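Asker: Structure below; questions to follow.
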Amino acid sequence: MLSSVCVWSFRGRQGTGKQQPQPVPTPQPPESSPPPLPPPQQQQCSQPGTAASPAGAPLSCGPGGRRAEPCPGLPAVAMGRHGGGGGDSGKIVINVGGVRHETYRSTLRTLPGTRLAGLTEPEAAARFDYDPGTDEFFFDRHPGVFAYVLNYYRTGKLHCPADVCGPLFEEELGFWGIDETDVEACCWMTYRQHRDAEEALDSFEAPDSSANANANAGGAHDAGLDDEAGAGGGGLDGAGGELKRLCFQDAGGGAGGPAGGAGGAGGTWWRRWQPRVWALFEDPYSSRAARYVAFASLFFILISITTFCLETHEGFIHISNKTVTQASPIPGAPPENITNVEVETEPFLTYVEGVCVVWFTFEFLMRVTFCPDKVEFLKSSLNIIDCVAILPFYLEVGLSGLSSKAAKDVLGFLRVVRFVRILRIFKLTRHFVGLRVLGHTLRASTNEFLLLIIFLALGVLIFATMIYYAERIGADPDDILGSNHTYFKNIPIGFWWAVVTMTTLGYGDMYPKTWSGMLVGALCALAGVLTIAMPVPVIVNNFGMYYSLAMAKQKLPKKKNKHIPRPPQPGSPNYCKPDPPPPPPPHPHHGSGGISPPPPITPPSMGVNVAGAYPPGPHTHPGLLRGGAGGLGIMGLPPLPAPGEPCPLAQEEVIETNRADPRPNGDPAAAALAHEDCPAIDQPAMSPEDKSPITPGSRGRYSRDRACFLVTDYAPSPDGSIRKGYEKSRSLSSIVGLSGVSLRLAPLATPPGSPRATRRAPPTLPSIL
């Protein structure tokens, strides 16, 4: 049984200057016609903007009176010469973002299986947003990109616009169902360069914001691990924190996240603190405490490198002679005294290095203990450098007390391995974005570096050979090796000279002495300038692009109140109409003379004051008749219409959409609606009148931009049991090609067959509707 409830809600997509269309009375069926439809379905046909179709069936207009669709339960009619697919004209009109495009149906059939090819099918008017008044299909997409897409159908060549970002063009291609590999070669680099840059800059981002939010949710404020940025960007404590945790699906503990809030049920110490400690040592931008840890690590890195350099200065080196008594190799001879020269550094430098190693050891153990993936941790080059730089110090301390020859050999080797400590300088890449940009630039410019090496190798080989034979011209016949008049005694020595000359260094240790050798040297210098000048600008451009994007991401303000779009609704450009629902079964408590649905109900989560429309009953939830914050109601709204009266505003059906189907909206739309279950997160302040975002200049249109929608969730159980939960109707479960999510309603707890309104159990948390 369908139960209709009209609730007021703000529809932001309606224009402020549009006048609501006047309701048109529903045409009455003749006396010989079948029994009238139930009031809910008649009410659907009595919407504003209703007009009669050529076949006499009323068409209900969507919000704003823009789109017309057949009323559910009535036979479909031909929707114009283009929309119905039965017209004699071969042209079709497509309105994309307000720009009308006209083409032939045969043009759209050139790429079968795409979205535009689906417009030529007979059922296109029922699947897409078709307006019979203007005889066109409407898509709310980028009109400039669509011009290139339509030209691809006409010419068979897909070009990329230069004034559109690559990811946007990729998103539009995915929406229209076109493969990106069809882009022409002349536009491929323009199409790919932005995506390549973003892929390379993914590592510049801080750890996952959701993980940071989960880490702060469980009491990071109490632990002193959050700051003003974290509290504004990802903290979940405070008002509505529990609701946000549920929307983040964090109540039971996510992967790598805390099991719950501080002291939450079922939470463990490890699941609460593991992500926080990991972010404390890994991400310097996660909290104020993480910044302090990063500064401490940076300080010890600089001290360790300074100590390493001072150990080689003669002012910190002490040379001492130690006499060691050793047995004589000659039998019966007295022991021999052997004097050994030992080099020792200042003791305080050793102590300073020991303090630095203790800090690095503590940091390394904390990171390896609390890392989420130890295998990936051990694969990191920076972590390997940490381990290799720490081990020699402990081995040297442990072997310093031994006097055996093997121990001394190991100590000598460890002193040589001390140079590994200088590699700690690469740990600075965690704290400076410019160093990370440089590393990514070198990796992204690998092909250019290989090309540069090949050019240099060819030039070195050619000019080293030429300088060797050029210096032999005019040489003394008695000087076979040419050591008396030239430095180039062989070709391998000429390799060094060619490298120094081609890179324009010119050390001066080797130079030609003959006129022929000087000519070869001049050609070598010119070739080196041209060889290096070709690939270097590409490397510089890569660095400039990566660095500018990295700086832009750092300076980008945090979106604390990001607007999350709603699922496609009737009248939306991406809305696809469902199949007409079947007639509802007769109510068991009514006679055969007619079908009377139960009185409309309003869930308490909807927040609608119905005290003026329905008297209290035994099955009416008290929250329905109680206004204000206590009853979650909204005072001051007009009462709901009585059953059978036409809805004064445009209807809106609550449907459950298929998120997995990417055909109508594509992956970008599914990603945009990923958190639609929780629209209260990161949204602007809501108006207490209609639960709509408050924006400057929007208060004046609240009284005009309202709409109602139908809640079709009452279906009595045939076995007489009490139904709990929300069940979708069969007619809505077969909808294909929609994206979005279903609305979360409070559980039902009403025996079937009750003549009163369905009672809805009070929710444990405030409704997010």
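Note: Cβ is positioned from N, Cα and C throughout, glycine not excepted.
The model shown is predicted, which means the values in this text are computed figures rather than measured ones.
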Asker: In Swiss-Prot, which of 122-145, 650-673, 746-769 is tagged region 'Disordered'?
Answerer: 746-769
Asker: Of the residues Arg195, Arg626, Arg730, which is given the omega-N-methylarginine tag by Swiss-Prot?
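Answerer: Candidates were Arg195, Arg626, Arg730; Swiss-Prot attaches omega-N-methylarginine to Arg626.
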Asker: Going by what Swiss-Prot says, which of Ser33, Ser692 is noted as phosphoserine?
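Answerer: Going through Ser33, Ser692 one by one, Swiss-Prot annotates Ser692 as phosphoserine.
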Asker: What residues in the same chain, six or more past the boundaries of the transmembrane segment (413-435), come closer than 8 Å to it by Cβ-Cβ distance?
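Answerer: Beyond its ends, the transmembrane segment (413-435) has Cβ neighbours at 204, 282, 284, 294, 297-298, 301, 304-305, 308, 311, 360, 381-382, 385-386, 388-389, 392, 395-396, 399, 547, 550-551, 554.
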Asker: By DSSP, what is the split of the topological domain 'Cytoplasmic' (372-380) into helix, strand and coil residues?
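Answerer: Reading the DSSP string over the topological domain 'Cytoplasmic' (372-380) gives 6 helix, 0 strand, 3 coil.
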Asker: Quick check for the class: what is the C-alpha distance, in angstrom and rounded, between Asn321 (N-linked glycosylation site) and Asn484 (N-linked glycosylation site)?
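Answerer: Approximately 47 Å lies between the Cα of Asn321 (N-linked glycosylation site) and that of Asn484 (N-linked glycosylation site).
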Asker: Counting across all protein chains shown, how many other Cβ atoms sit within 10 Å of the Cβ of Asn337 (N-linked glycosylation site)?
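Answerer: 9, counting other Cβ atoms within 10 Å of Asn337 (N-linked glycosylation site).
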Asker: With Cβ-Cβ distances below 8 Å as the criterion, list the same-chain residues six or more beyond the ends of the transmembrane segment (381-399) that contact it, or say none.
Answerer: 353-354, 357, 360-361, 363-364, 367-368, 407, 410-411, 414-415, 417-418, 420-421, 423-424, 426-427, 429-430
Asker: Around the Cβ of Asn321 (N-linked glycosylation site), how many other Cβ atoms lie within 10 Å? Please give the count over every shown protein chain.
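Answerer: Result for Asn321 (N-linked glycosylation site): 8 neighbouring Cβ atoms inside 10 Å.
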Asker: What does the structure give for the C-alpha distance between Asn337 (N-linked glycosylation site) and Asn484 (N-linked glycosylation site)? Integer Å is fine.
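Answerer: That comes out at 51 Å between the alpha carbons.
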Asker: Measuring CB to CB from Asn484 (N-linked glycosylation site), give everything in the same chain under 8 Å that is also at least six residues away in sequence.
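Answerer: Non-local contacts for Asn484 (N-linked glycosylation site): Asp476.
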